[in-house]
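To keep things clear, I will list the structure first and then write my remarks on it.
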Amino acid sequence: MFARIARINPKILPFVIGAPTIALCSYYYSSGAFLRNESSKVFIGDNNWIDLPISRIEEISHDTKRFTFKYPSQDSVSGLVVASALLTKFVTPKGSNVIRPYTPVSDVDEKGSLDLVIKHYPDGKMTNHIFSLKVNDTLSFKGPIPKWKWVPNSFESITLIGGGTGITPLYQLIHAITKNPNDKTKIRLFYSNKTSQDVLMKKELDELQAKYPDQLRITYFITTPDKGYKGESGFISKEFIASNADKPSPKSHVFVCGPPPFMNAYSGDKKSPTDQGELVGILKELGYTIDQVYKF
C-alpha cells in the first residue's frame, strides 16, 4: 500500500492534499462569518439594557422629531425583524423606571444606527424625557419585541389603517415589502391625522408611492383640513374602507395601528402585547374576522 502511495504523481499531490484543506478552511471561514454576523447584532432578545447615544436630532414638525441613535460599531445592525419593536427606558429622579415601546423607522438591516420618529405629548413621561435629550446623551434600549412575522407573498394584498404615530410599524412593513423585488404584495395605506402638519413620514411615503405606483397606493385623511386642502377630509369612514379595501378573504389581510380611540373605532385595542383581544368596531361591522386583522 505504501508503495502505491509513493508512486502518486508529484504534480497532482498538492491538489490531493489541498481538497480537504480547502473544505476545512471553507467551513471555518463560513462559521466565522456566521459568528461575526451574530455578534454584530445589537439586540439579541436577552434581558440586558443597552445605552445608545444620540448622534443626530432632526425636527420634522412642530411636535415631532427624528432621533438617530448610534450603535457600538459602524458594522453593527439592529437584530430586529420587520415590524418588531424595542423597549426604551429611563429612570426618574425618584428611582422609578419609565418604559415604553417604540418601532424604529430605519431599515432593520441598516448598519451603525437606528432612527426613531417620536411625537411629543405634553403629558407623556417618556416623550418629555426624550425631547429633553441632546446629541451625545443616551437612552436605554432592550429588545426586540416580535410582533407580526412577515413572510413575503403571504397575501395577494394588504390594507394598512393608521392614525398619527401608528404609522411607524406600518411604514416599516411598507418599506420591507417594496424593497424586496420578489415580494409582489399589493399595499393600500389609509392614514389619518388631525392636520397636514401632523402627517409623519410623508416625504418617505410619497417617495415610495412614486417609485412603486403599481404596488403601493396611499390615501391621506385630514380631520381638520387647512384652507385649500384637496385631499380626503374627516375620518377614515366605514364606507371608504368598504369601497377601497379588499373584501374579507384569506388572500388579503388588514393591519391597524394608532392611539387607543383610533383602535377602538376600527378594530378594538389589544388586551396585552401578546393577546390581540376580540375584533370590534368598523372592521367587524364590515365582515372581517380576528384572523384577518392584526393590531400593532
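Each Cβ is built from the backbone N, Cα and C atoms, and glycine gets one as well.
In Swiss-Prot this protein carries:
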type: TRANSMEM; residues: 15-35; note: transmembrane segment
type: DOMAIN; residues: 47-151; note: domain 'FAD-binding FR-type'
type: BINDING; residues: 154-189; note: FAD binding site
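Mapped onto this structure are the features recorded in Swiss-Prot.
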| residue | record | DSSP class |
| --- | --- | --- |
| S154 | FAD binding site | coil |
| T159 | FAD binding site | strand |
| G164 | FAD binding site | helix |
| P169 | FAD binding site | helix |
| I174 | FAD binding site | helix |
| K179 | FAD binding site | helix |
| K184 | FAD binding site | coil |
| L189 | FAD binding site | strand |
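Neighbour counts of Cβ atoms within 10 Å were compared across the binding-site residues G164, P169; the minimum falls on G164. Neighbour counts of Cβ atoms within 10 Å were compared for the binding-site residues S154, T159, and the top value is held by T159. In the predicted model, the domain 'FAD-binding FR-type' (47-151) has a mean pLDDT of 95.
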